[in-house]
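According to TrEMBL, the features are:
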ACT_SITE  CYS321  active site
ACT_SITE  HIS380  active site
ACT_SITE  ASP403  active site
COMPBIAS  26-42  compositional bias 'Acidic residues'
DOMAIN    313-406  domain 'Transglutaminase-like'
REGION    1-55  region 'Disordered'
Amino acid sequence: MSRPTDGPNSYRGRYAQPVPTSNLTTEDDDFPEFEAFDESADAEATPRGHPPDGGSLSVVSVDMCQQVNKPNHFTTAYDIQNLVVRRGLEFVMRISFNRPFAQGDDFQVEFLIGSNPSPSKGTQVVVTFGTRHGGPWSGRILETSGETLMLGITPTADAVVGKFRTYVAVMVGGGLQRTKRDPSTDLYLLFNAWCPEDAVFVPNEGERREYVLNDTGVIYQGSVGAVSHRNWMYGQFERGILDACIHILDASRMPIYNRGNIIKLVRKGSAMLNSQDDNGVLVGNWSEDFSMGTPPTSWTGSVKILLQFVNTGVPICFAQCWVFAGVFNTFLRCLGIPARVITNFSSAHDNTGNLKTDLIFKPDGTPDKRHTRDSIWNYHCWNEVFMARPDLPPGLAGWQVVDATPQETSDGHFRCGPASVSAIKEGLLCHPFDCGFVFAEVNSDVVFLKRDRYGTLTPFRVDKTHIGQAIYTKAVGSPAPMDITYTYKYPEGSGDDSRTMARAEEYGCERDHSELPQTQMSVVISTEQCHLGQDVNLAVDFQNQGESPQSVQAHLSGSVVFYTGITASQFKDQSFSVTVTPYQSEPRQQSPESPV
């Protein structure tokens, strides 16, 4: 096998030249202003005969008609000087020539994105307006008025998304005469939730306005019994944010020609919103020390974070799950992708990959933190995007989970999704991407295991209802929460739920079917609502359903924990004995200072 000879322009690798990954770099020398026709090309490409009276045709001005296009494309809110349009929908341009357009004249409009643009990659698009064949985008002459033509151009519904450079080329003599590079004619092309042929099409207008155009939102926090909320300013239309989102894709080195593929783009975005692998946007911090940055609770929106990342090139400190979700939502909506922030209350983090939540305890009943790898978060926030899934069987399109919080790796990077919500509900965990991990977050069993001195684990309790107690998102057109738990799981104990769990086991979900030890004792713990700075009073009620007295060795532990389930400090740790008579209960009142 022969090797290419080394030279100043040689490029080694599986490609003949570097893969274009930069969209925002200004290209001042895309093509020569005059390009002679290739003599070996089709002879029909060369104009024949004499030019019409008035001499050769040349372009005087190009008007991108922003006042007409932006309202039609729902992009008026973008604070940017250039035209912003959505793919799959016609936009208009006004071209003024040096003389009236005649029947023998020929011209084309060219759109280029990234370096080394290529027609085969969709990064160089030629639009023609006659019988001559052009590229995949369609063009038509809408109106002729003297020296001015009004053109209609329709990008394909799967076109590359990003910033395009615009040229007009006129056929003169033996070649193409192009306009000079003019940044004012650059246009941004976005995904289009209004276009039925686009992969992100949303059929409902109210949902389109909420999930694409709404630049503010509400993120829910707390616990299922005490839900709180945080207002968030997405700010996807603010000055500099669209360029910031494209910059993130450039920083990820995602090939330009893949940026029309919604699946690849959101998967790349999920990885780039955290700093774990690629020096992405946000640094996660779940400790108590935020001295080297901004505490996650201090952020109220995405704009400052994104602009600071672009201006410094350094990941921003610090974030927790709701910050990752809020900024990711801005990124998605800014590019035209329908997206919303989700909160899952009592969210499992399956660290071991067995799709169940294992909590390990010592023989005396105290938590075995050393050997417990899984955890349960009070709540966890992620995002959903609405899109087609042509890579999956029918019925699995629609809302897809994507998560930028760095929890576990997926194909070697800290990212998650897109995972079909419908697939998760049905237990179809074999489909890409990361359905099993999300399934465990919302529907795994919590298995309580006792570890003896030899390391043997024995299950003594299984809770099938604790995980995924409620899943909320902001309602359309309202700040109120909308319960979407039913989209992720069937009612516990129903026939559909049993079929889902059986199917999930076929795809790797490990459920514990051990016979649990029989017990005639139960414990009910209740507490009043507690307030910051006040004592916590709780009641522990031991109930004996048996015919004989029962003596119990109990251990009571009270801790302050982060919402991720990690202990911050312990304020109660006592063991005691209780004897309960048959068919009776034995209540014990407790406070932080009270002895047992």
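Note that the numbers count up from 1, one per residue, in the order the chain is shown.
From the backbone N, Cα and C atoms, a Cβ is placed for every residue, glycine too.
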Using C-alpha atoms only, work out the spacing between HIS380 (active site) and CYS321 (active site) and round it to an integer in Å.
6
Look up ASP403 (active site) in the DSSP assignment and report helix, strand or coil.
strand
Find the average pLDDT over the domain 'Transglutaminase-like' (313-406) in the predicted model and report it.
94
Return the residues near ASP403 (active site), defined as same-chain residues 6+ apart in sequence whose C-beta is under 8 angstroms from its C-beta, sorted by sequence, else 'none'.
SER270, PHE324, ALA325, TRP382, ASN383, ARG415, CYS416, GLY417, VAL438
Under 8 Å between C-beta atoms and at least six apart in sequence, can you list the same-chain neighbours of CYS321 (active site), or say none if there are none?
TRP377, TYR379, HIS380, CYS381, TRP382, THR405
How many other Cβ atoms sit within 10 Å of the Cβ of HIS380 (active site)?
25
